[in-house]
Amino acid sequence: MGILGLSKLIADLAPQAIRESEMKHFFGRKVAIDASMCLYQFLIAVRSEGAQLATVNGDPTSHLMGMFYRTIRLLDNGIKPVYVFDGKPPDLKSGELAKRAERREEAEKALKAATDAGDDAGIEKFNRRLVRVTKEHAKEAKELLTLMGVPYVDAPCEAEAQCAALVKAGKVYATATEDMDALTFGSTKLLRYLTYSEARKMPVKEFSYDKLLEGLAINNREFIDLCILLGCDYCESIKGIGPKRAIELINTYRDIETILDNLDSSKYTVPENWNYKVARELFIEPEVANADSIDLKWVEPDEEGLVKFLCGDRQFNEERVRNGAKKLMKSKQAQTQVRLDSFFKTLPSTPNATNAAKRKAEEAKKSANNKKAKTSGGGRGRRPK
């Protein structure tokens with residue numbers, strides 16, 4: 001779910017915190033990517049086109065196709081991705097997970113009704129709602145990434161929290177996900193739409209944590225309380241409080257405790273046994289692996305391993321897989337060259353700089369000739385001692 005209404009609130013009140021760029025703008029950057037979000041995108045993208053890519057046994061492969069070609073595109077653009085996979089969800093998320101299970105049951109019933117009625121639009125809509133990333137999808141994606149030479153991290157809990165920890169430790173530049181709670185976990189940069197298909201022509205949207213705090217006139221602790229008021233995965237929100245009212249309350253009272261002391265109970269209903277304090281602590285101190293102990297390495301791809309893994313039962317085209325492996329190798333070599341070039345920085349050669357250099361060379365030449373002439377003349381006019 002992420003944080004309800006947060007992106008619009010930032011766009012309305014702190015637009016300076018958002019910048020849109022082409023993918024190539026992030027050339028040379030390391031980016032931590034929410035793997036489950038990516039796999040979900042790849043699965044629903046193919047479902048929306050009406051059919052699942054599958055093995056000879058009917059097992060889906062669209063998540064692998066998406067991961068393979070989208071990762072190649074990132075590397076082609078000079079971006080070094082590291083994929084972060086979810087671990088176990090925190091206990092406080094059980095309520096949200098139960099709601100998702102209920103919505104899934106409703107979607108299954110609605111899909112059956114749409115199928116019986118021959119409603120193509122309804123079939124597509126409810127098919128998308130039934131997509132779920134499984135442990136098997138994640139396992140296969142990790143195997144593929146290893147063969148591609150791209151690192152991944154198994155988060156002990158929430159992937160967004162682990163991504164944020166990598167950003168804060170300086171291991172990567174940004175978190176790439178569609179869930180805004182990466183900012184609530186303290187990621188200083190958040191990239192949305194980075195892993196969208198090229199056909200969608202969506203510019204990458206970059207959110208700056210420092211600029212959004214400045215624009216909203218709050219600190220990081222107050223921002224966490226704002227996100228809880230807006231609605232997060234860990235607890236219910238107060239009914240009747242929308243995004244604009246939430247930021248007004250935070251700007252006035254600075255924390256949830258003081259807001260509750262001053263809230264008009266005739267207008268707003270606070271959830272019974274509201275676990276906002278536990279939710280706050282989950283954002284402040286999430287369960288993550290120590291980022292300093294994580295060693296990120298991008299290595300050469302295993303072309304034969306990729307062919308064996310993707311072709312055969314998974315029915316990928318061997319020629320395309322080999323071409324993809326060559327692109328991976330080329331990207332690896334280009335990144336090595338960039339690192340070498342960074343040791344030998346040269347200033348750009350502008351017309352003014354070139355002309356100035358020519359003038360200096362000519363002046364130096366004239367000075368040398370004059371000096372030579374004087375020395376020669378002095379030698380001829382001097383008597384030997």
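Keep in mind that glycine also has a Cβ here, set from the backbone N, Cα and C atoms.
Now, the feature entries from Swiss-Prot:
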- 1-104: region 'N-domain' (REGION)
- Asp34, Asp86, Glu158, Glu160: Mg(2+) 1 binding site (BINDING)
- Arg47, Arg70, Glu158, Gly231, Asp233: DNA binding site (BINDING)
- 122-253: region 'I-domain' (REGION)
- Asp179, Asp181, Asp233: Mg(2+) 2 binding site (BINDING)
- 336-344: region 'Interaction with PCNA' (REGION)
- 346-385: region 'Disordered' (REGION)
- 368-385: compositional bias 'Basic residues' (COMPBIAS)
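Here the Cβ of Asp181 (Mg(2+) 2 binding site) has 23 other Cβ atoms within 10 Å, regardless of which shown protein chain they belong to. Secondary structure by DSSP for the region 'I-domain' (122-253): 69 helix, 16 strand, 47 coil. Shown in sequence order, Ala35, Ser36, Ala138, Ala155, Cys157, Glu158, Ala159 are the residues of the chain, 6+ apart in sequence, with a C-beta less than 8 angstroms from the C-beta of Asp86 (Mg(2+) 1 binding site). Annotation note: Asp86 (Mg(2+) 1 binding site) sits in a coil segment as assigned by DSSP. Listed in sequence order, the residues Ser36, Met37, Val84, Ala155, Ala159, Ala161, Gln162, Cys163, Thr177, Asp179, Ala182 complete the 8 Å Cβ shell around the Mg(2+) 1 site centroid, once Asp34, Asp86, Glu158, Glu160 themselves are left out.
If you take the CA of Asp179 (Mg(2+) 2 binding site) and look 10 A around it, the binding-site residues you hit from Asp34, Glu160, Gly231, Asp233 are Asp34, Glu160. Counting neighbouring Cβ atoms within 10 Å of each of the binding-site residues (Glu158, Glu160, Asp233), the lowest count belongs to Asp233. Note on the region 'N-domain' (1-104): DSSP counts are 57 helix, 17 strand, 30 coil. Same-chain residues at least 6 positions away in sequence with a Cβ under 8 Å from that of Asp34 (Mg(2+) 1 binding site) are, in sequence order, Val84, Ala159, Glu160, Cys163, Thr175, Ala176, Thr177, Glu178, Asp179, Ala182. Here the CA atom of Asp181 (Mg(2+) 2 binding site) lies 23 Å from the CA atom of Arg70 (DNA binding site). In this structure the alpha carbons, written CA, of Gly231 (DNA binding site) and Asp181 (Mg(2+) 2 binding site) are 10 Å apart. For Asp179 (Mg(2+) 2 binding site), other Cβ atoms within 10 Å of its Cβ number 23.
Mean pLDDT across the region 'I-domain' (122-253) comes to 95 in this model.
The number of other CB atoms found within 10 A of the CB of Arg70 (DNA binding site), across every protein chain shown, is 20.
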